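**Student:** Handing you a structure now.
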Amino acid sequence: MAGGNERSMKALKEVWKRAENSLCADCGKPDPDWASSTLGVFICLNCSGIHRNIPSISKVKSLKMDHWDDAQVQFLAKHGNAVTKAIYEAHIPIYYYQPTYNDCQVLREQWIRAKYERKEFTEPGKQLPYSDGVKEGILWKRGRDNGQFLPRKFLLSEREGCLKYFTKQDAKEPKISVKIDVINATFQPEKIGNPNGLQITYLKDNKTRNIFVYHESGKEVVDWFNAIRSVQFHYLKVAFPIASDNEIKNRLTRNFLKEGYMEKTGPKQREAFKKRWFTLDHRRLMYFKDPLDAFAKGEVFVGSGENGYRVQKGLPSGTQGNFSWHYGITIVTPDREYLFTCETESDQLEWIRAFTSVINQAMTPQEYASKCLDAVSFPS
């Protein structure tokens, strides 16, 4: 019996060491140490918890702590991540967002359920709830002034190329109608205070407007997210006919590079530093008095190093404004310097890394066109 256990463990380790099984099959996290004995995939601890919630589909076991019999090991050897992905990920729409281990729970759970439970990607041309080019339904939207979440009707239309929402179910005219090419959507469960919280942003008069929504159903809110990406993708295919599918995919919804509190001072650099919530959305650095504000109080364009932008650790000597946080950052632009302070050194270093990643990228023609934002006032 002991010899059989040793043989099984040796065979298990050999399958486990295959290059295809070195990353979690669902989120890409390195060194997965769990596996599904019914699906044949190697997964990380977090994804194993999601699999455990769909026991009719997946039975999970630890590769280190649990016993694996010969039949289970042979099943893993026959399948593994590559074979199983070829079945369950055979026909993923290019616009569908495939989450990583850095993404929130609702995205990862619905991705796993879409693959194995609903089998959305096993057949070509399958009709999917986010692929129709139109989506209508109720989302709970946060009021701009009172902060209450109330049910609102939303309508997404590929034919019209826009997203609308209505304050009343039977309203004829929408409260807003936003062109699909100026929309971004990103999950913000912690900020919104709901595990299915979604932040929709759009440009209005070259300034960013935020809408915060959620739905009780994780599937429904992720379907909305991918429906937005689907409509964007098809809109951009028409607008940029020579662009490749991957180029267009990279222009769909994006996560913010960095968010958090910093202190800032005004353009004269003698005013007291004030604590504000900052969002770095690629080259847009926006700040808000409150993380759930609908509009930014100011924006700064962060260009590339070859155009005279750089980030420096610390503040210029002789900075006069009073500040309570002592880990300074200076953003240098061709026109002026912007001064910030962080509460901790780790915050400072994370912000510097985020700014550096943007500054090190060459600017696109579209970004040159939006460079006028660098002249936007950055009041206190």
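Placed from the backbone N, Cα and C atoms, the Cβ positions cover glycine too.
For 6-129, the entry in TrEMBL reads domain 'Arf-GAP'. TrEMBL lists 132-233, 255-360 with the feature domain 'PH'.
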**Student:** Helix, strand, coil: count each for the residues of the domain 'Arf-GAP' (6-129), based on DSSP.
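**Tutor:** The breakdown for the domain 'Arf-GAP' (6-129) reads 53 helix, 10 strand, 61 coil.
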**Student:** In the domain 'PH' (132-233), how many residues does DSSP call helix, how many strand, and how many coil?
**Tutor:** 23 helix, 47 strand, 32 coil
